[in-house]
Amino acid sequence: IDSKSNGSDSKKLRVEDRMEAPPSRVLHIRKLPNETSESEVIALGLPFGKVTNILTLKGKNQAFLELGTEEAAITMINYYSTVTPHVRNVPVFIQYSNHKQLKTDSGNQRAQAVLQAVSAVQGGGTPTSGSIVDLTAASSPVLRIIIDNMFYPVTLDVLQQIFSKFGTVMKIITFTKNNQFQALLQFNDPPTAQQAKIALDGQNIYNSCCTLRIDYSKLVNLNVKYNNDKSRDYTRPELPAGDGQPAMDPNMAAAFQGKDSNSLLGKIPGSCRRPPPLSSVSPLNAAAAAAAAAGRVALSGHSGSSGVLLASNLNEEMVTPQSLFTLFGVYGDAQRVKILYNKKDSALIQMADANQAQLAMSHLNGQKMHGKAIRVALSKHTSVQLPRDGLDDQGLTKDFTNSPLHRFKKPGSKNFQNIFPPTTTLHLSNIPTDVTEEDLRLLFSNAGGTVNAFKFFQDHKMALLQMSTVEEAIQGLIDLHNYNMGDNHHLRVSFSKSTI
(Lines of atoms letter the chains of each structure in order from A and count residues from 1; the text may use other names and numbers.)
(Lines give C-alpha, C1' and ligand atoms only; values in the text may rest on other atoms or scores of the structure.)
Protein backbone atom coordinates (compact mmCIF):
# COMPACT_ATOMS: atom_id res chain seq x y z
CA ILE A 1 0.00 0.00 0.00
CA ASP A 2 1.40 3.35 -1.06
CA SER A 3 4.66 1.52 -1.72
CA LYS A 4 6.48 4.65 -2.78
CA SER A 5 6.21 5.89 0.82
CA ASN A 6 8.06 4.19 3.63
CA GLY A 7 9.38 5.06 7.06
CA SER A 8 12.87 5.93 5.84
CA ASP A 9 11.92 8.56 3.24
CA SER A 10 13.93 11.72 3.07
CA LYS A 11 12.39 15.02 4.11
CA LYS A 12 12.37 16.16 0.50
CA LEU A 13 10.44 13.10 -0.59
CA ARG A 14 7.94 13.59 2.24
CA VAL A 15 7.18 17.10 1.05
CA GLU A 16 6.93 16.01 -2.59
CA ASP A 17 4.59 13.16 -1.67
CA ARG A 18 2.31 15.53 0.18
CA MET A 19 2.24 17.92 -2.77
CA GLU A 20 1.70 15.17 -5.40
CA ALA A 21 -1.14 13.21 -3.82
CA PRO A 22 -4.57 14.71 -4.52
CA PRO A 23 -6.87 15.34 -1.53
CA SER A 24 -8.44 12.18 -0.14
CA ARG A 25 -10.35 11.37 3.02
CA VAL A 26 -7.77 8.62 3.63
CA LEU A 27 -4.55 9.87 5.22
CA HIS A 28 -1.20 8.07 5.34
CA ILE A 29 0.69 8.45 8.65
CA ARG A 30 4.37 7.47 8.89
CA LYS A 31 7.24 7.36 11.38
CA LEU A 32 4.95 6.21 14.21
CA PRO A 33 6.74 5.06 17.39
CA ASN A 34 6.87 1.34 18.10
CA GLU A 35 3.77 -0.07 19.79
CA THR A 36 1.60 2.93 18.92
CA SER A 37 -2.00 2.01 19.71
CA GLU A 38 -4.96 2.42 17.39
CA SER A 39 -6.56 4.88 19.82
CA GLU A 40 -3.46 7.10 19.66
CA VAL A 41 -3.70 7.23 15.84
CA ILE A 42 -7.44 7.90 15.97
CA ALA A 43 -6.80 10.73 18.46
CA LEU A 44 -4.86 12.61 15.77
CA GLY A 45 -8.01 12.85 13.66
CA LEU A 46 -10.74 13.23 16.29
CA PRO A 47 -10.75 17.05 16.53
CA PHE A 48 -11.32 17.35 12.78
CA GLY A 49 -14.39 15.14 12.39
CA LYS A 50 -15.67 11.57 12.43
CA VAL A 51 -13.05 8.82 12.01
CA THR A 52 -14.56 6.01 9.92
CA ASN A 53 -11.74 3.48 9.49
CA ILE A 54 -8.15 2.70 10.47
CA LEU A 55 -5.45 0.33 9.29
CA THR A 56 -2.13 0.02 11.12
CA LEU A 57 1.04 -1.44 9.59
CA LYS A 58 2.97 -2.09 12.78
CA GLY A 59 6.02 -3.61 11.13
CA LYS A 60 6.44 -0.45 9.03
CA ASN A 61 5.48 2.03 11.78
CA GLN A 62 2.73 3.34 9.53
CA ALA A 63 -1.04 3.70 9.59
CA PHE A 64 -3.92 4.75 7.36
CA LEU A 65 -6.74 6.83 8.82
CA GLU A 66 -10.05 7.35 7.03
CA LEU A 67 -12.13 10.42 7.93
CA GLY A 68 -15.84 10.84 7.28
CA THR A 69 -15.40 13.57 4.67
CA GLU A 70 -12.69 14.85 2.35
CA GLU A 71 -13.21 18.34 3.84
CA ALA A 72 -12.28 17.03 7.31
CA ALA A 73 -9.13 15.45 5.88
CA ILE A 74 -8.17 18.69 4.12
CA THR A 75 -8.63 20.63 7.37
CA MET A 76 -6.46 18.08 9.20
CA ILE A 77 -3.69 18.23 6.56
CA ASN A 78 -3.77 22.04 6.55
CA TYR A 79 -3.46 22.14 10.33
CA TYR A 80 -0.66 19.59 10.58
CA SER A 81 1.27 21.20 7.71
CA THR A 82 2.06 24.08 10.08
CA VAL A 83 1.90 22.30 13.44
CA THR A 84 4.05 19.18 13.73
CA PRO A 85 1.93 16.29 15.08
CA HIS A 86 3.47 14.16 17.82
CA VAL A 87 2.66 10.69 19.12
CA ARG A 88 4.45 9.81 22.39
CA ASN A 89 6.73 12.85 21.94
CA VAL A 90 7.83 11.59 18.49
CA PRO A 91 7.08 13.74 15.41
CA VAL A 92 5.04 11.86 12.81
CA PHE A 93 4.34 12.65 9.16
CA ILE A 94 0.88 12.85 7.59
CA GLN A 95 -0.07 13.11 3.92
CA TYR A 96 -2.95 12.25 1.60
CA SER A 97 -3.10 8.59 0.60
CA ASN A 98 -3.60 7.42 -2.99
CA HIS A 99 -6.55 5.40 -1.68
CA LYS A 100 -10.00 7.01 -1.74
CA GLN A 101 -11.32 4.68 0.96
CA LEU A 102 -10.01 1.92 3.21
CA LYS A 103 -11.06 -1.69 2.89
CA THR A 104 -10.02 -3.72 5.91
CA ASP A 105 -10.47 -7.43 6.49
CA SER A 106 -12.05 -9.20 9.46
CA GLY A 107 -8.61 -9.94 10.92
CA ASN A 108 -8.30 -6.32 11.93
CA GLN A 109 -10.54 -6.92 14.94
CA ARG A 110 -8.69 -4.88 17.58
CA ALA A 111 -8.67 -1.76 15.41
CA GLN A 112 -12.35 -2.23 14.61
CA ALA A 113 -13.17 -2.57 18.33
CA VAL A 114 -11.44 0.74 19.04
CA LEU A 115 -13.16 2.37 16.07
CA GLN A 116 -16.54 1.01 17.13
CA ALA A 117 -16.09 2.42 20.62
CA VAL A 118 -15.06 5.85 19.35
CA SER A 119 -17.92 5.88 16.82
CA ALA A 120 -20.39 5.06 19.56
CA VAL A 121 -19.08 7.94 21.65
CA GLN A 122 -19.15 10.35 18.69
CA GLY A 123 -22.73 9.34 18.03
CA GLY A 124 -23.69 9.75 21.66
CA GLY A 125 -24.06 6.00 22.25
CA THR A 126 -22.26 3.55 24.49
CA PRO A 127 -19.37 1.30 23.35
CA THR A 128 -20.00 -2.42 23.20
CA SER A 129 -18.56 -4.79 25.77
CA GLY A 130 -16.08 -6.02 23.15
CA SER A 131 -14.07 -2.81 23.42
CA ILE A 132 -10.64 -2.80 24.99
CA VAL A 133 -10.20 -1.85 28.64
CA ASP A 134 -9.51 1.89 28.31
CA LEU A 135 -12.70 2.30 26.28
CA THR A 136 -15.11 0.99 28.92
CA ALA A 137 -18.18 3.18 29.31
CA ALA A 138 -17.82 6.22 31.52
CA SER A 139 -20.38 6.46 34.31
CA SER A 140 -19.48 10.05 35.21
CA PRO A 141 -19.23 13.25 33.16
CA VAL A 142 -16.40 14.37 35.50
CA LEU A 143 -12.74 13.74 34.66
CA ARG A 144 -9.83 13.88 37.12
CA ILE A 145 -6.79 15.39 35.43
CA ILE A 146 -3.20 15.32 36.70
CA ILE A 147 -0.48 17.32 34.92
CA ASP A 148 2.87 15.51 34.99
CA ASN A 149 6.18 17.21 34.20
CA MET A 150 4.61 20.66 34.49
CA PHE A 151 7.45 23.02 33.62
CA TYR A 152 5.19 25.57 31.92
CA PRO A 153 2.15 27.17 33.51
CA VAL A 154 -1.13 25.39 32.79
CA THR A 155 -4.16 27.50 33.58
CA LEU A 156 -7.85 26.82 33.94
CA ASP A 157 -8.39 28.58 30.60
CA VAL A 158 -5.82 26.37 28.84
CA LEU A 159 -7.70 23.28 30.08
CA GLN A 160 -11.00 24.74 28.88
CA GLN A 161 -9.49 25.40 25.45
CA ILE A 162 -8.19 21.83 25.13
CA PHE A 163 -11.22 19.95 26.43
CA SER A 164 -13.91 22.09 24.78
CA LYS A 165 -12.83 20.58 21.43
CA PHE A 166 -14.80 17.49 22.48
CA GLY A 167 -17.98 19.02 23.88
CA THR A 168 -19.43 21.51 26.33
CA VAL A 169 -17.24 22.05 29.40
CA MET A 170 -19.61 22.89 32.25
CA LYS A 171 -17.31 23.32 35.28
CA ILE A 172 -13.62 23.16 36.24
CA ILE A 173 -11.97 23.10 39.67
CA THR A 174 -8.14 23.23 39.90
CA PHE A 175 -6.04 22.45 42.97
CA THR A 176 -2.63 21.21 44.08
CA LYS A 177 -2.37 17.82 45.77
CA ASN A 178 0.83 15.96 46.64
CA ASN A 179 2.76 18.81 44.98
CA GLN A 180 0.99 18.11 41.66
CA PHE A 181 -1.35 20.39 39.73
CA GLN A 182 -4.68 18.64 39.35
CA ALA A 183 -8.13 19.47 38.06
CA LEU A 184 -11.67 18.16 38.06
CA LEU A 185 -13.49 18.93 34.81
CA GLN A 186 -17.19 18.31 34.19
CA PHE A 187 -18.69 17.80 30.71
CA ASN A 188 -22.39 17.87 29.95
CA ASP A 189 -22.57 14.06 29.67
CA PRO A 190 -20.48 10.89 30.28
CA PRO A 191 -19.97 9.95 26.57
CA THR A 192 -18.28 13.31 25.92
CA ALA A 193 -16.00 12.77 28.93
CA GLN A 194 -15.15 9.35 27.55
CA GLN A 195 -14.26 10.70 24.11
CA ALA A 196 -12.00 13.37 25.64
CA LYS A 197 -10.25 10.78 27.83
CA ILE A 198 -9.62 8.48 24.84
CA ALA A 199 -8.12 11.30 22.81
CA LEU A 200 -6.19 13.24 25.44
CA ASP A 201 -4.85 10.80 28.05
CA GLY A 202 -1.05 10.74 27.76
CA GLN A 203 -0.87 13.73 25.40
CA ASN A 204 1.56 16.62 26.02
CA ILE A 205 0.24 20.17 26.09
CA TYR A 206 3.66 21.51 25.12
CA ASN A 207 6.71 19.83 23.60
CA SER A 208 7.91 17.02 25.87
CA CYS A 209 6.20 18.34 29.00
CA CYS A 210 2.89 19.08 30.72
CA THR A 211 1.56 15.55 30.18
CA LEU A 212 -2.15 14.92 30.75
CA ARG A 213 -3.01 11.92 32.97
CA ILE A 214 -6.77 11.45 32.91
CA ASP A 215 -9.13 9.21 34.89
CA TYR A 216 -12.85 9.19 35.55
CA SER A 217 -13.84 10.83 38.82
CA LYS A 218 -16.16 9.19 41.34
CA LEU A 219 -18.03 12.50 41.48
CA VAL A 220 -20.93 13.00 39.10
CA ASN A 221 -21.43 16.73 39.72
CA LEU A 222 -19.06 19.54 40.77
CA ASN A 223 -20.15 22.22 43.23
CA VAL A 224 -18.43 25.47 42.19
CA LYS A 225 -18.88 28.47 44.51
CA TYR A 226 -16.59 31.02 42.85
CA ASN A 227 -15.61 32.01 39.31
CA ASN A 228 -11.91 32.88 39.44
CA ASP A 229 -8.53 31.53 38.40
CA LYS A 230 -8.94 28.36 40.49
CA SER A 231 -12.53 27.36 39.66
CA ARG A 232 -15.17 28.19 37.08
CA ASP A 233 -18.82 27.33 36.48
CA TYR A 234 -19.47 28.21 32.82
CA THR A 235 -23.20 27.77 33.33
CA ARG A 236 -23.31 30.47 36.05
CA PRO A 237 -21.33 33.56 34.94
CA GLU A 238 -22.87 35.58 37.77
CA LEU A 239 -20.94 33.73 40.53
CA PRO A 240 -18.66 35.97 42.67
CA ALA A 241 -14.87 35.82 42.47
CA GLY A 242 -14.68 35.01 46.20
CA ASP A 243 -13.35 36.93 49.20
CA GLY A 244 -9.72 37.90 48.77
CA GLN A 245 -9.38 35.80 45.61
CA PRO A 246 -7.34 37.49 42.90
CA ALA A 247 -8.87 37.45 39.43
CA MET A 248 -5.72 35.63 38.37
CA ASP A 249 -2.86 33.96 40.19
CA PRO A 250 -0.14 36.63 40.72
CA ASN A 251 2.49 34.55 38.93
CA MET A 252 0.25 34.08 35.93
CA ALA A 253 -0.76 37.74 36.00
CA ALA A 254 2.93 38.61 35.73
CA ALA A 255 3.19 36.24 32.79
CA PHE A 256 0.23 37.77 31.02
CA GLN A 257 1.56 41.30 31.50
CA GLY A 258 5.10 40.53 30.36
CA LYS A 259 6.27 42.86 27.64
CA ASP A 260 9.24 40.76 26.55
CA SER A 261 8.77 39.90 22.87
CA ASN A 262 10.26 36.41 23.24
CA SER A 263 7.48 33.92 22.60
CA LEU A 264 6.63 30.93 24.72
CA LEU A 265 6.13 28.76 21.64
CA GLY A 266 9.40 29.74 20.05
CA LYS A 267 11.25 29.10 23.30
CA ILE A 268 10.05 25.56 23.92
CA PRO A 269 13.14 23.32 23.80
CA GLY A 270 13.29 19.68 22.77
CA SER A 271 12.96 18.72 26.43
CA CYS A 272 11.75 20.69 29.42
CA ARG A 273 14.88 20.84 31.50
CA ARG A 274 14.54 24.54 32.27
CA PRO A 275 11.49 26.73 31.68
CA PRO A 276 11.78 30.31 30.44
CA PRO A 277 11.05 33.04 32.98
CA LEU A 278 7.34 33.74 33.36
CA SER A 279 7.92 37.34 32.37
CA SER A 280 8.81 36.19 28.86
CA VAL A 281 5.29 34.95 28.17
CA SER A 282 3.40 37.68 26.35
CA PRO A 283 -0.42 37.64 26.43
CA LEU A 284 -1.00 36.62 22.84
CA ASN A 285 1.78 34.04 22.98
CA ALA A 286 0.07 32.41 25.95
CA ALA A 287 -3.21 32.46 24.05
CA ALA A 288 -1.49 30.95 21.01
CA ALA A 289 -0.15 28.20 23.27
CA ALA A 290 -3.69 27.50 24.43
CA ALA A 291 -4.87 27.37 20.82
CA ALA A 292 -2.11 24.89 20.01
CA ALA A 293 -3.12 22.82 23.00
CA ALA A 294 -6.69 22.81 21.71
CA GLY A 295 -5.35 20.80 18.77
CA ARG A 296 -3.81 18.39 21.31
CA VAL A 297 -0.43 18.54 19.62
CA ALA A 298 2.75 20.28 20.60
CA LEU A 299 3.80 23.18 18.45
CA SER A 300 7.16 23.43 16.84
CA GLY A 301 8.78 26.81 17.31
CA HIS A 302 7.37 29.42 14.97
CA SER A 303 9.79 32.18 15.85
CA GLY A 304 11.20 32.19 12.33
CA SER A 305 7.89 32.19 10.48
CA SER A 306 6.06 35.25 9.23
CA GLY A 307 2.77 36.68 10.39
CA VAL A 308 1.09 36.35 6.98
CA LEU A 309 -1.85 33.98 6.51
CA LEU A 310 -3.42 32.61 3.34
CA ALA A 311 -7.20 32.29 3.57
CA SER A 312 -8.84 30.27 0.78
CA ASN A 313 -12.26 28.89 -0.19
CA LEU A 314 -13.75 32.33 0.50
CA ASN A 315 -17.10 33.42 -0.91
CA GLU A 316 -15.77 35.80 -3.55
CA GLU A 317 -19.19 37.41 -4.08
CA MET A 318 -19.37 38.58 -0.46
CA VAL A 319 -15.88 38.75 1.06
CA THR A 320 -14.19 42.14 1.48
CA PRO A 321 -10.89 43.25 3.04
CA GLN A 322 -12.94 44.90 5.82
CA SER A 323 -14.83 41.69 6.69
CA LEU A 324 -11.56 39.71 6.88
CA PHE A 325 -9.97 42.46 8.98
CA THR A 326 -12.88 42.32 11.44
CA LEU A 327 -12.93 38.51 11.78
CA PHE A 328 -9.17 37.95 11.95
CA GLY A 329 -8.92 40.99 14.22
CA VAL A 330 -10.56 38.96 16.99
CA TYR A 331 -7.27 37.03 17.32
CA GLY A 332 -4.67 39.73 16.64
CA ASP A 333 -4.05 43.08 15.05
CA ALA A 334 -4.45 42.58 11.29
CA GLN A 335 -2.17 45.03 9.50
CA ARG A 336 -2.94 44.52 5.80
CA VAL A 337 -5.43 42.46 3.81
CA LYS A 338 -5.20 41.61 0.08
CA ILE A 339 -7.79 39.68 -1.86
CA LEU A 340 -5.91 38.04 -4.74
CA TYR A 341 -6.71 39.67 -8.08
CA ASN A 342 -6.58 36.48 -10.15
CA LYS A 343 -8.09 34.24 -7.44
CA LYS A 344 -10.72 36.20 -5.60
CA ASP A 345 -11.68 33.29 -3.33
CA SER A 346 -8.28 33.65 -1.64
CA ALA A 347 -6.69 36.42 0.42
CA LEU A 348 -3.51 37.26 2.29
CA ILE A 349 -3.86 38.63 5.82
CA GLN A 350 -0.81 40.13 7.52
CA MET A 351 -0.99 39.93 11.32
CA ALA A 352 1.27 41.86 13.70
CA ASP A 353 3.44 38.79 14.37
CA ALA A 354 3.70 35.02 13.88
CA ASN A 355 1.98 34.14 17.15
CA GLN A 356 -1.09 36.17 16.24
CA ALA A 357 -1.13 34.40 12.88
CA GLN A 358 -0.92 31.01 14.61
CA LEU A 359 -3.75 31.97 16.96
CA ALA A 360 -6.03 33.10 14.11
CA MET A 361 -5.26 30.00 12.05
CA SER A 362 -5.95 27.64 14.95
CA HIS A 363 -9.35 29.21 15.66
CA LEU A 364 -10.61 30.07 12.16
CA ASN A 365 -9.46 27.22 9.90
CA GLY A 366 -12.57 25.25 8.91
CA GLN A 367 -15.08 27.82 10.22
CA LYS A 368 -17.94 28.88 7.96
CA MET A 369 -17.95 32.43 6.63
CA HIS A 370 -20.56 33.60 4.10
CA GLY A 371 -21.73 30.00 3.65
CA LYS A 372 -18.30 28.44 2.91
CA ALA A 373 -15.85 26.60 5.18
CA ILE A 374 -12.72 28.73 4.92
CA ARG A 375 -9.22 27.30 4.95
CA VAL A 376 -6.48 29.18 6.77
CA ALA A 377 -2.78 28.35 6.53
CA LEU A 378 0.51 30.13 7.08
CA SER A 379 1.70 31.85 3.90
CA LYS A 380 5.21 31.79 2.44
CA HIS A 381 4.97 35.57 2.02
CA THR A 382 6.66 37.66 4.71
CA SER A 383 4.48 40.72 4.13
CA VAL A 384 1.52 41.95 2.11
CA GLN A 385 2.57 44.43 -0.56
CA LEU A 386 0.47 47.54 -1.16
CA PRO A 387 -0.38 48.44 -4.78
CA ARG A 388 2.01 50.88 -6.42
CA ASP A 389 1.05 54.57 -6.28
CA GLY A 390 -1.58 55.42 -8.84
CA LEU A 391 -2.46 51.74 -9.49
CA ASP A 392 -6.15 50.92 -8.99
CA ASP A 393 -6.57 47.38 -7.66
CA GLN A 394 -10.36 47.75 -7.29
CA GLY A 395 -10.17 48.04 -3.52
CA LEU A 396 -8.82 44.49 -3.11
CA THR A 397 -5.92 45.63 -0.86
CA LYS A 398 -6.41 47.61 2.35
CA ASP A 399 -3.85 48.92 4.83
CA PHE A 400 -5.12 48.75 8.42
CA THR A 401 -1.76 49.53 10.07
CA ASN A 402 -3.08 52.62 11.85
CA SER A 403 -6.62 51.37 12.44
CA PRO A 404 -8.19 52.50 15.74
CA LEU A 405 -10.02 49.14 15.80
CA HIS A 406 -7.00 47.03 16.76
CA ARG A 407 -7.99 45.12 19.91
CA PHE A 408 -4.48 44.36 21.21
CA LYS A 409 -2.41 47.52 20.76
CA LYS A 410 -2.95 48.62 24.38
CA PRO A 411 -0.57 46.80 26.80
CA GLY A 412 -2.42 44.97 29.56
CA SER A 413 -5.79 45.20 27.77
CA LYS A 414 -8.49 42.86 29.07
CA ASN A 415 -8.90 41.66 25.48
CA PHE A 416 -5.79 39.52 26.00
CA GLN A 417 -7.69 37.39 28.51
CA ASN A 418 -10.85 37.07 26.41
CA ILE A 419 -9.74 35.24 23.27
CA PHE A 420 -12.04 32.33 22.47
CA PRO A 421 -12.90 30.16 19.46
CA PRO A 422 -15.96 31.18 17.45
CA THR A 423 -19.10 30.21 19.39
CA THR A 424 -22.82 30.81 19.09
CA THR A 425 -22.66 33.25 22.02
CA LEU A 426 -21.49 36.83 21.44
CA HIS A 427 -20.34 39.29 24.10
CA LEU A 428 -21.62 42.82 23.44
CA SER A 429 -20.22 45.91 25.16
CA ASN A 430 -20.37 49.71 24.96
CA ILE A 431 -24.18 49.55 24.72
CA PRO A 432 -25.96 52.94 25.18
CA THR A 433 -28.29 53.06 28.20
CA ASP A 434 -31.40 53.73 26.08
CA VAL A 435 -30.93 50.64 23.86
CA THR A 436 -33.31 47.79 24.73
CA GLU A 437 -33.08 44.01 24.41
CA GLU A 438 -35.59 44.23 21.54
CA ASP A 439 -33.35 46.73 19.71
CA LEU A 440 -30.38 44.39 19.89
CA ARG A 441 -32.38 41.27 18.98
CA LEU A 442 -33.71 43.07 15.91
CA LEU A 443 -30.25 44.36 14.95
CA PHE A 444 -28.68 40.89 14.99
CA SER A 445 -31.71 39.22 13.36
CA ASN A 446 -31.39 41.65 10.46
CA ALA A 447 -27.74 40.63 10.07
CA GLY A 448 -29.09 37.20 9.11
CA GLY A 449 -29.98 34.45 11.53
CA THR A 450 -32.01 33.72 14.63
CA VAL A 451 -31.37 35.11 18.10
CA ASN A 452 -32.00 32.22 20.50
CA ALA A 453 -31.25 33.91 23.82
CA PHE A 454 -30.26 37.26 25.30
CA LYS A 455 -29.08 38.46 28.70
CA PHE A 456 -28.10 41.93 29.89
CA PHE A 457 -25.38 42.35 32.51
CA GLN A 458 -26.41 44.33 35.60
CA ASP A 459 -25.29 47.73 34.33
CA HIS A 460 -26.90 47.20 30.87
CA LYS A 461 -23.67 48.36 29.21
CA MET A 462 -22.82 44.76 28.33
CA ALA A 463 -24.85 41.74 27.25
CA LEU A 464 -24.65 38.15 25.99
CA LEU A 465 -26.52 37.27 22.80
CA GLN A 466 -26.81 33.73 21.46
CA MET A 467 -27.34 32.97 17.75
CA SER A 468 -28.62 29.62 16.50
CA THR A 469 -25.37 28.64 14.74
CA VAL A 470 -21.68 29.56 14.93
CA GLU A 471 -21.83 30.73 11.30
CA GLU A 472 -24.60 33.21 12.19
CA ALA A 473 -22.55 34.45 15.16
CA ILE A 474 -19.52 34.97 12.90
CA GLN A 475 -21.68 36.94 10.45
CA GLY A 476 -23.15 39.01 13.27
CA LEU A 477 -19.68 39.88 14.57
CA ILE A 478 -18.43 40.82 11.07
CA ASP A 479 -21.45 43.02 10.37
CA LEU A 480 -21.96 44.67 13.74
CA HIS A 481 -18.61 45.03 15.50
CA ASN A 482 -18.02 48.82 15.66
CA TYR A 483 -21.65 49.49 14.63
CA ASN A 484 -22.67 53.06 15.54
CA MET A 485 -25.55 52.81 18.02
CA GLY A 486 -25.93 56.60 18.15
CA ASP A 487 -24.24 59.34 20.19
CA ASN A 488 -20.87 57.95 19.06
CA HIS A 489 -21.44 54.67 20.93
CA HIS A 490 -19.77 52.03 18.76
CA LEU A 491 -20.85 48.50 19.64
CA ARG A 492 -18.05 46.10 20.58
CA VAL A 493 -18.62 42.43 19.66
CA SER A 494 -16.52 39.37 20.51
CA PHE A 495 -17.02 35.63 20.99
CA SER A 496 -17.88 34.46 24.51
CA LYS A 497 -17.15 31.23 26.35
CA SER A 498 -20.32 31.67 28.42
CA THR A 499 -23.70 30.16 27.70
CA ILE A 500 -27.06 31.75 28.40
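Even glycines carry a Cβ here, placed using N, Cα and C.
Per TrEMBL, the stretch carrying the note region 'Disordered' among 1-21, 400-420, 421-441 is 1-21. When averaged over the domain 'RRM' (424-498), pLDDT in the model lands at 93. Between the domain 'RRM' (424-498) and the stretches 25-109, 143-219, 307-381, Cβ pairs under 8 Å are most numerous for 307-381.
Across the domain 'RRM' (307-381), the DSSP tally of helix, strand and coil residues reads 19 helix, 21 strand, 35 coil.
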